[in-house]
């Protein structure tokens, strides 16, 4: 029986990721380049589910993992035993069709294929790209590793982090759980074996120069059955790394001397998908199917019995090619996307073609031939699928007076014509002696109105502008670019940017950045194009992982101009004040002098009364001052008189004295 871990393995190097449902391999989950998750039935390659995540443009799917069958929740001591068993059985049935989807932003989505909808979302554990997700085979735990160097153990019932620890000094790229469920293998540049109970490192394995992309156990029991088995010692596991054409096989020993791999398998290119059958007994060989990046499938069959110095080559190589239609045509290779062993271990499921419409085929194993090339007409198989899927197609009866709008380029008015009879078909064929029709006549037969292709001014329409812009960007023709980019009509610019293909957006931004650095007068025109590009293609630009280095020059240019704008605004304000003052002074000088003498003075009665009151107050004050002045003058006169009398010898004597003198 194929390993449960191998059923969802091999997705790290493959882009986009693929995963078979465990055990029966009846379902195949594929995340296409468009961000959609599609679940296909292996029997008949029929699409069963299609899910579009809400953030499929910005958060691409990076890894997939099916929940293992027979999963049981951890025992719950509360409640009756009978009810607990029923709930466990119901949860186990639901668990069979749960698909874990790792995203580029660090979140994990749990999608139910039974309900056909998203069941829950796991957030808060990682803050960077999810590289690998693995289910525990005995409970509802989910393990994930990320670019943020951490490993997270999730409780999928509560959608919360159960445990989180640092797995490596660099990003952790792959995980694998041991058969007994007690150990965990993690790999970045080095491989570590963790004890899930204590979260401590049990063993170290080194030997890959690049990041390990896939890990899986190849045995469930040790080869030496005489010693007691502790659940891990003596087991073999397989590892593959990116840009490495050797798959290494390691043996877990008890002497802690695992310095090198015990054996290795060599392939033609980097492995992108790996599946294997687990060896349950000592004599049973391990069957290994490795799909490489070059589209080839390598099959190995080997008994793991210790050290092997020389790298082992594949027993059989399988390729798929298209048949040649004619004698001169060359068959083209069809890439194999994935391969998985069936339950009987004698047949193989091959997935080939493209991820949007893969073809799943069951083939029997025949390792007697070293190289097998399968001839498959992919187009014919897809056409047969379409015919089977779409039944009872009716051709509508179109009246001659009815106008039918068909998709196409504006200006092309292709009329819907009724099926022609055999005579009309013979008329369209040119006989050997007749002259060949000119290009103008052929365009007329296609019913293309040439006069509508160009406007009266000679400028082409918007769709022609978009074509010219793409041609100018690809050929770097300055004449074409000047003709298109010098347009000043806002509607024409918006329509041109809206109709241009996605792959031309970044070259257009580079061209606009180059022109912004040149002539400053063209900046106002280039800004219009930049505004339209950022408005109409913002969703595409946000999905680019290297957007910052690509638009770094444009950002620096805009930032420097914004800083200069502040200084220019201040200078503009000062110059405006100076110019205003100069203009005001000039207007003052130009004004002629005006005679300020009043021609007429008018005084009302209220002013006279107020004046009289003031005079009365002034007179009163003057009278009081006058009395005081008179008293002062009388005193001064008396003093003067006494002084004169003293000088002249006269004095005012009393009458008594006068009598005595007499």
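Cβ from N, Cα, C; glycine included.
Here the structure is a predicted model, which means the values were calculated and not measured.
The compositional bias 'Basic and acidic residues' annotation in TrEMBL covers 74-90.
Under the heading compositional bias 'Acidic residues', TrEMBL lists 603-641 (among others).
The compositional bias 'Acidic residues' feature in TrEMBL is assigned to 649-662 (among others).
The feature domain 'Small-subunit processome Utp12' is assigned by TrEMBL to 476-578.
For 68-90 (among others), the entry in TrEMBL reads region 'Disordered'.
What TrEMBL records for 409-438 (among others) is region 'Disordered'.
If you look up TrEMBL, you'll see 602-662 (among others) marked as region 'Disordered'.
Under the heading repeat 'WD', TrEMBL lists 123-158.
The predicted model assigns the repeat 'WD' (123-158) a mean pLDDT of 91. In the domain 'Small-subunit processome Utp12' (476-578), helix, strand and coil residues by DSSP number 87 helix, 0 strand, 16 coil. DSSP places the residues of the repeat 'WD' (123-158) in helix, strand and coil in these numbers: 0 helix, 18 strand, 18 coil.
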